Each structure stands twice: as structure tokens, then as C-alpha cells.
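Remarks on the structure that follows.
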Ligand SMILES: Nc1ncnc2c1ncn2[C@@H]1O[C@H](COP(=O)(O)OP(=O)(O)OP(=O)(O)O)[C@@H](O)[C@H]1O
Ligand SMILES: [Mg+2]
């Protein structure tokens, strides 16, 4: 992730060559990009470099640019680590701008503002959660002030601000988002001594509560994170991994319907969807966003359904946001699912983790009963990964939660196409053949025994020798199929990978349906009849195999002739 732009006190800035350049100042006049910071800029970057949960690791290296150099020539390089890649990008950017987070010792956070060290006592961390969509810290400044710094989604911060350049920042945030940047708003609040004492008490009570702790904490957090003064907003670029577009296209050609569920802002999500090929430029994008009431939402859904019916020639994409989705699912679930089904691509933005899981559940129980696969890289994807039939975690910068809760883990999104189209295809064919073969071999095995009863006058005499019985299951019919079901590659992997359409041949559990089952069973009977009557007619009346006329008793193809004579 890379910091690109920010808005401070209503002024837009861009980072150019590690310098903060206000809007309107071109790079040809680098003097515009000053090395000192205004009061607002300094406070903004102070907030950014204090409000996070980033850790620092000191790595030893021979050469270091901005690290500490010891007398033995070895220097230590400072590296930031964070479970949130946004935070890492922001703290790194703040360092480039001259406000560097230089570590925590005990409960004191140290920052260097243009080389000058300042120490802030960390009093409380109000942790990030995907439902609140914001996180805060309460610190004590060197002058003794108790200050809350908070950052989060604009929908979580702006409604709680009472001063600052709210409208201009909102415009800037929308602008950043439509460029595909991930946006965060930054705000602060100063507490009086009494206010702080009160919230400290409330926080302590909520954190140590034995019952309803989560709800009580959420209430106290809401109480604290209000009456904010807006400082500005940040725009961070989250680069797409390579070959995302090709992978999504391949999945589509394979007949797989792709839905994107994200916690991102509407504009960011649409812009990313366009750049990753989830939405095409030619698609007609329908929106179900910012719905306020059930009635409004139902009306919008009906309108969308009408539009879909009228222009069924062109492809449609649907954008839904979390709040509208909850309204739509409350009473108009069927209508909503009908609309979704008629669209070629669906994008759900501003989704809370549980909403993601709910959407997957809805799809699972829809009349077509599709097999669902959820793929994600963050902790907020865990519930949908667990809800889907197949959960895939991507090992990424957002920790290992998704990977630990998934059925399969991959390192890059692009490996999904190989996983499904090549390995998925092979293993489906292998497992399907293995299962059908087990039915087949039992039919082949038992039918001659049954037929034999007519020739031994239902005396219950067995057709097979016990050694043969044992070997039939352990060797004859298990080893060949074992090798087949481990190594069979009926088509070259490259062909499967480059022709996603081949995946359609095995879609909807095609090889384990009634028809293939009937085919294998009939094949079993046919072969059983050939085994039994083939031997019968081949041997005729002469049941002796050995030259001296001795009969081999209990050997599959011979014994029933012997028995026939006995009776
Ligand atoms: N560390 C953080 N501190 C404050 N706010 C954050 C932080 N991380 C994310 N947010 C805000 O919360 C919102 C929801 O985050 P969440 O992790 O659920 O989804 P996401 O990261 O935006 O998207 P995705 O679902 O694709 O991972 C983000 O869009 C962002 O505005
Ligand atoms: Mg995330």
C-alpha cells in the first residue's frame, strides 16, 4: 500500500518525491513544497503517527540510510510492522513528511517532529473493529493535555465531528475514493480533566464488566468518539495484485459467478471493480445505495427489476451498500435475489464481516443451491470463509486469520485460477471416477456370485476362493484405482489453464449425477455377465484345467461347473 494524497484542514495535498505538495503548486516549483510544517499539518501528521497499532523492528544491516549507526560499522534499520497495511503506509508516509513514529517504551509513544523528540503517554487504545470502522487512541501530550486521536471510515468519523473543514474534506474524500484510493478521516478531541476522569472510569468499568462487555464497550466508545474536531483525510493506494483481471475473467469463462464483498467505500469499490475487470466499461451499473427506509428500498428494487426486464440485452452490474443490503434483506429478500440473479456482476460495499457471511448463506440456500467459494485475506473475511462451502485464505499483509480459518491457503489471488481450473478439475475427475468405480467393482463382483446360485441350486456355496476374496479388495481393485486417482491427468494442465471453458464440463457435479451412476452400474452388470457366462461358455463341459484331468476346486471360473456336476 502506498500513501498518495491527503486533505488537511480543507486543503488537498499530494505526495511527490517524498514531499507534501499542496494542490495548485506544481512540481516545477518545488519551493511550494516546504520542509517545515504548518500547525494544522503538524497536528494532522501527529495524529497519523500516534493513532495506530504499528510495531517497530530494528533490523541490523551493513548500510543504512536513516537508521542508527553503531561504532562497529553495523547499523540498525527501522522497519514498521502492522496488522493493518493502511496503518503501516500512513505511519511511513508521516515519517517521510517529517513526523516520525520512533517507537514505544513502556506506555510512552515517541515521535520525532522534524528531528525534535516528543513523548506522549498512551492512556487508552480504542481498538479497530470492522463494525465501528474506526480506531482511536487517548494520549497525554508533553504539556499534560489528554487528547483523543481517531481515524476511520468517513461514514464513521464525519457524523461525529462538530468542527473543522467538514464539507471540503468530504468532497476530497469522495474525490480520492473515485480514483480508487482507500480513504480514512482523521480527527481529534481534547478532554478536560473532569471529562477524562469520567471516561477513564467508564472505560475501566466496561472493560472489566462480567456481562455484556462488548455492548458496554461499544457504548462507551461511541460516547468518547464524538464531538470531534476534523483534521483531514488520507488517500492510500492499494495496488491490485498481478493478474487479478485475467483470473476474474477466467473464472467467468469457466461459468463461475463472481460477487465482490468488501468493507471499502462505495466509490473506491466501484473504481477497483472497474480496474480489476469485475465491472466492464460497457456494463450498465445499477445502484442500490444509501437507502433510508424499507419502503424506499423496496421501491428502488422494483425499479431495478423493471429496468433489468426492459434492457435484458446489455449486461448489468449491481452495487449494493451494507445499510441498503440490510434493508433489502429484511422483507424483500426474494426480490433482491431476483435482481442479483439477473445481473452479471454484483458488488457489495461497506459490508460488515457478518453481512459478508449472511450474503454467502443467502446464496447457499437460494433455489439453484450453488456451491459457494469465499476467498479473502483479512480478519473481516473470516466469517464468510467459514460460511462458504469452500473457504480460501490468501496469505497477505493483513495477518494470518483468514489463512488459519480457511480450507485452502494460497499466496496470491492469481493462483485461484490454477487451483480451480487445473487442480479442481483433475481432482473432481479423479474422485468422481473413484466413487463410481467402487459401485462398479462391487456390482462386477457380487453379480457372478448371485448368478452362480442358480447353478449350485442355492446351496450358498461360494464362487470365490477366500484368497481371491481378500486380494480382490486389497490389491486387484484398490491399487490401480489408487494410482489413477492420484495421478490421472486426462488433459494437459496447460490446456485446462488456458481454456477455462473446459471447467463447465464438470460444473454442477456433472460426473456424479444419476446418468453417470446408471452408466457405471449397467457397465458393472454387463461385465459381470461377461465374466460369468464367458467362463461358462469358454470352459464348456471340460472343467479340468490340469493335464492329469484334476479339477481346480474353488477357482473362480471353474468351480461352478464342478458343482453343477455334483448336484
Ligand atoms: N486500522 C484502521 N483504523 C481505522 N479505520 C480503519 C482501519 N482499517 C480499516 N478502517 C476503516 O474501516 C473500513 C472497513 O474496514 P474493513 O477491514 O472491514 O474493510 P476493508 O479493509 O475496507 O475492505 P476489505 O473487505 O476488502 O478488506 C475501511 O474501509 C476503513 O475505512
Ligand atoms: Mg481490511
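Placed from the backbone N, Cα and C atoms, the Cβ positions cover glycine too.
Heads up, TrEMBL stuff is auto-annotated, nobody curated it.
The ATP site recorded in TrEMBL includes 87, 128, 151, 262, 263, 264, 350, 356, 380, 381, and the single candidate from 182, 295, 404 that the record places there is 182. Ranges compared are 517-539, 540-562, and TrEMBL records transmembrane segment for 517-539. Ranked by CA distance from residue 377 (Mg(2+) binding site), the binding-site residues 87, 151, 262, 264, 356 have 262 at the top as the closest. Less than 6 Å separates the Cβ from ligand 1 in the case of 151, drawn from the binding-site residues 151, 356, 377 in sequence order. Cβ-based crowding with a 10 Å cutoff singles out 381 as the top-ranked of the binding-site residues 87, 264, 377, 381. Mapped onto three states, the DSSP output places residue 381 (ATP binding site) in helix. Within the same chain, residues at least six positions away from residue 151 (ATP binding site) with a Cβ under 8 Å of its Cβ are 47, 48, 51, 134, 135, 136, 157, 184, 185, 186, 187, 234.
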